[in-house]
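Among the features that TrEMBL reports, domain 'Amino acid transporter transmembrane' is placed at 34-418. The annotation transmembrane segment is assigned in TrEMBL to 38-58, 64-86, 117-138, 158-178, 190-214, 226-247, 259-285, 297-320, 340-357, 363-387, 399-425.
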């Protein structure tokens, strides 16, 4: 969810007809944030729907392996976020370049137009990928609540169609309306609502997991084998995606010397929360853990409220997540002006892709590997290396190049692993 913040810092520019490639994405001045507010903003920017697929990833990879992957990804994500901060500080202090507010600005400053194009493309792919995941969740969850298979009807249909198809297409006209709203200002209250629902649902799910575990205590595996390692890494990288928010947040922090500590504390808290959520979900249901943990909650009143609340949350979060995509696409293809038909076309394409992907967690792994690895690991280490290479010793060179290579390996291998799983499920 991090790119929402990056987009909000550049919203006024993208809507201007006089947009230029080398124009920094400056936004209006905002009050500087205290340390508690920065902590909360980091939490809001990172924690999203990806957490719902963690218990299933724990089932596939084993709970010990999953915890090790979560903590490793959290550490490297934090390290690469700070690489971006240090890189921007270096450029602004030495070159005297005007304020760099976004990931795309940094890419342009270091690598010119290709740098911004690559960052923009990856942000488009990641944001639309998140939205595809949202629609998959909504479609599958609504089908689970209202059209679950029964003893007399193992494959329920609505007007001859699979329930998921009906619910995804049913969202389309309403999403076309919501995505027609031109600015983030009118959508801001939806973000607050979405985050409150997310946190509340996580708490309810974990409490139910504990109660269920003490009743049935299913067998669990600690390690799932090397063959599923890259699959699990993709889900973990997806869950921690938020690299686009770090520069806007650091700009808005009152005490910038403490920003690294606050960011690290927030990341540590999120990691512990993710680890607890994934472990409890897997321990409660074992091999029966579904790709969306909400599918294991049964049909009680509280479970139904949680499921519908999450669906409403993601339904209203989708236009927020698409906003950075609109800003980039409208700047590239419509001179920075508002374009209704471009927005509607993108929403239609996202809906279409959501119908083609059967499994929520598998899709998280695909997006995390194919896109988020490049955003979170490859580009930050590359930008830092290009700016600091004259000053770094051999150790510094090895660290930057090592993270870059790691990001590429995880991205390629994880993408292949996720595609194999997705196509095997479809078959």
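Using the three backbone atoms N, Cα and C, a Cβ is placed for every residue, glycine included.
Computed from a predicted structure; not experimentally measured.
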Quick tally over 38-58, 64-86, 297-320, 340-357 of CB pairs under 8 Å to the transmembrane segment (190-214) gives the top stretch as 297-320
- Message: With pairs fewer than 6 apart in sequence excluded, do the transmembrane segment (64-86) and the transmembrane segment (226-247) have three or more C-beta pairs that lie under 8 Å?
- Response: yes
Handout entry: Stretch contact, the transmembrane segment (158-178) with the transmembrane segment (297-320), Cβ-Cβ under 8 Å, 3+ pairs
Key = yes
For the transmembrane segment (259-285), out of 38-58, 64-86, 117-138, 363-387, most C-beta pairs under 8 A are with 38-58
Counting Cβ pairs closer than 8 Å to the transmembrane segment (38-58), the top stretch among 64-86, 117-138, 399-425 is 117-138
Contact count check, CB pairs under 8 angstroms to the transmembrane segment (297-320), set 64-86, 117-138, 399-425; argmax is 117-138
Within the same chain, the residues 6 or more beyond the ends of the transmembrane segment (399-425) and with Cβ under 8 Å of it are 76, 79-80, 83, 227-228, 230-231, 233-234, 237, 357-359, 362-363, 365-366, 368-370, 373-374, 376-378, 380-382, 384-385, 388, 392
